[in-house]
Amino acid sequence: MSWLEKILPKSKITTPRRHNIPEGVWTKCSACEQVLYRAELERNLEVCPKCDHHMRISARARLESFLDEQGRTEVGAELEPQDILKFKDSKRYKDRLSAAQKATGEKDALVVMKGTLKGVPVVACSFEFSFIGGSMSSVVGARFVRAVEECIKEGRGLVCFSASGGARMQEALFSLMQMAKTSAALDRLTKAGLPYISVLTDPTMGGVSASLAMLGDINVGEPKALIGFAGPRVIEQTVREKLPEGFQRSEFLLEKGAIDLIIDRREMRNRLASLLAKMLNTHVIEE
């Protein structure tokens, strides 16, 4: 025992009581690393309130925040993916589908809803990137075509939020065929005189960017979204040159004329409602 311990009274050292904080209450911005309250981030549509970084948002959450609450219905929910080729790589395709369905709660990588946008009749589609990288499968193509058919039948505008790595390799040519299938459907929509607004979010790559994502009457990008066919590293290795800073980001594409607008996710609802109202010769209902 030290001389200090002899002259000082013994005191019981107490530590603050640990509070059990439920998992998932806090998260961190992937750009600025600011610690954020999860509920506040969700209210801000997964956009960091400090640096305005647009994080990825689930397809269903995006559509529910985008469309009017009243009267929206899901389209093509009964369509389910099939392992036609009995494909197997390091894992069976059937097992990959089951794991993705369990993780996301979705049957496939595209969710389609019919409803109104501030009173303007629309059909809206959104890719679920967490479902096998938002890859385009036969079901994704079929649901997109169903969305187009609903627009033509009822005179609605079409909006699609893309977030995809491209065609689904496990479905081979069945997946690649969806590029032509969705493009042909959009041609019918154009001939019907109905508008299509394509919103490219982070990331939109491969076969999706080479088909339905770039065929909008108006192509919109979210801020700093990665948009292209092949990834920047693949291009650098192919051309053996250093790419410009910000290459394949939405700001770069806007500067080069590849997209028409960049819209903050929090302004998307108002801006697209205004555009669609003009294109459909109707008016928005102010909230």
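Indices start at 1 and increase along the chain as displayed.
Cβ coordinates come from backbone N, Cα and C, glycine included.
Matching 29-51, 121-143, 213-235 against Swiss-Prot, the residues noted as zinc finger span 29-51. Within 8 Å of the Cβ centroid of the Zn(2+) site, not counting the listed residues C29, C32, C48, C51, the chain contributes S30, A31, E33, Q34, L36, P49, K50, D52, H53. When pLDDT is averaged over the zinc finger (29-51), the result is 95. Per-class residue totals from DSSP over the zinc finger (29-51), listed helix then strand then coil: 6 helix, 4 strand, 13 coil.
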